[in-house]
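Per TrEMBL, the features are:
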- 27-315: domain 'Gcp-like' (DOMAIN)
- His114, His118, Asp309: Fe cation binding site (BINDING)
- Thr140, Ile141, Ser142, Gly143, Gly144, Asp173, Gly186, Asp190, Asn281: substrate binding site (BINDING)
Amino acid sequence: MSSQNIYILGIESSCDDTAASVMQNGKILSNVVASQKIHEEFGGVVPELASRAHQQNIVPVVNQAIKKANIAKDQLNAIAFTRGPGLMGSLLVGTSFAKSLAMGLNIPLIDVNHMQAHILAHFIDEEGFNKPPFPFLAMTISGGHTQIVKVSNYFEMEVIGETIDDAVGEAYDKSGKILGLGYPAGPEIDKRAQLGNPKAFKFTKPKVAELNFSFSGLKTAILYFIQKEIKANPNFIEENINDICASIQYTIIGILIDKLKLASKQTGIKHIAIGGGVSANSGIRQALKTGEAKFGWTTYVPKFEFTTDNAAMIAIVGYLKYLENNFSQQNVTASARLKI
Ligand code: KG4
Ligand code: ZN
């Protein structure tokens, strides 16, 4: 093994988290995230406010990441940044900043696909966390995305299923809004679900072909159900909140696991990794454990701080691309709809 140290700075600004991380040869030295509280009162991310907050946060966040890593700026070997997908105004802040810094330090610039990064976060060197062997299936579940990806190598990925409307995190957040819970509602629904009866109320699962998902119908079904019950009993939500949350969670996790089972059957792949904010969910973690016993799966759940949006996952992709001399030019542009 070479004794040379490669230091990569990763920058993430695709949605509402401004994040920076310094990595040394695949190991994290620092991982700083500034989350934007401003969106809570609106019940969802407001793009214009997000890009303004990135502008305010990016300099202190990057400085803190470098300081915590205890290195000097001129020790950095490359700057990796999120090129897309994401909100254009948010992406522009990180992209422009990364370009300027790389130019100022005269070091290579590396563009990173945010969805690939959620998957490759599994390759961060972290004690107690195994790296999945190729090929494996990755299910990326967050507030912005729901995908099943066949991963044959670091940069050989194929999306074999994805949502045709809302992302799974949105299904959680929109259900939470109907129930009067705060934003984001995923963690709260998860907490309450563990105290309730998952079979108390039944919501039909959408019928979507093959490995694709749909969650917008579920949100409407929940809305109509709640409106009907409230007519009969104005206190219906308060009196049944845990059972409602458990039933919603049971339905959502059922949808995810049905598709994973089908994907595993179709591809013959039994190594299954998850990523994205919803992989913090207790129901999906439990269901994966069951899958290990029932279907012979080996499952991989990243460390919590690498599941939600973060820059360590951008830095690991930067490191893997650095090893392949896969660099970007200064004229690279942010891309809101970048595909895997
Ligand atoms: O990956 P992430 O931080 O940001 C996006 O890229 O979207 O994911 C945030 C999403 C939100 O929709 C949030 O409600 C959901 O992840 N989430 C959860 C849980 N923790 C976060 N959903 C269900 N159960 C959880 N425990
Ligand atoms: Zn994300």
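Quick reminder: no glycine exception, Cβ is built from N, Cα and C everywhere.
Owing to the predicted nature of the structure, the values given are computational and were not obtained by experimental measurement.
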Integer average pLDDT (0 to 100) for the domain 'Gcp-like' (27-315): 96
Among His114, His118, Thr140, the binding-site residues whose C-beta sits under 6 Å from ligand 1: none
Thr140 (substrate binding site): secondary structure state under DSSP, collapsed to three categories: strand
Binding-site residues close to ligand 2 - of Thr140, Asn281, Asp309, only those whose C-beta is under 6 Å away: Asp309
Fewest other Cβ within 10 angstroms of its own Cβ, chosen from the binding-site residues His114, His118: His114
Nonlocal residues around Thr140 (substrate binding site), in sequence order (Cβ under 8 Å, 6 or more apart): Met115, His118, Ile119, Thr146, Gln147, Val149, Ile274, Gly275, Gly276
Other residues, Cβ within 8 Å of His114, His118, Asp309 Cβ centroid (Fe cation site): Glu12, Ser14, Thr82, Met115, Ala117, Thr140, Ser142, Gly275, Gly276, Asn310, Met313, Ile314
All-chain count of other Cβ atoms within 10 Å of Gly186 (substrate binding site): 26
Other CB atoms, at most 10 A from the CB of Ser142 (substrate binding site): 24
His114 (Fe cation binding site) to Gly186 (substrate binding site) - Cα separation in whole Å: 21
Residue from Ser142, Gly186, Asn281 whose C-alpha is spatially nearest that of Asp309 (Fe cation binding site), among the binding-site residues: Ser142
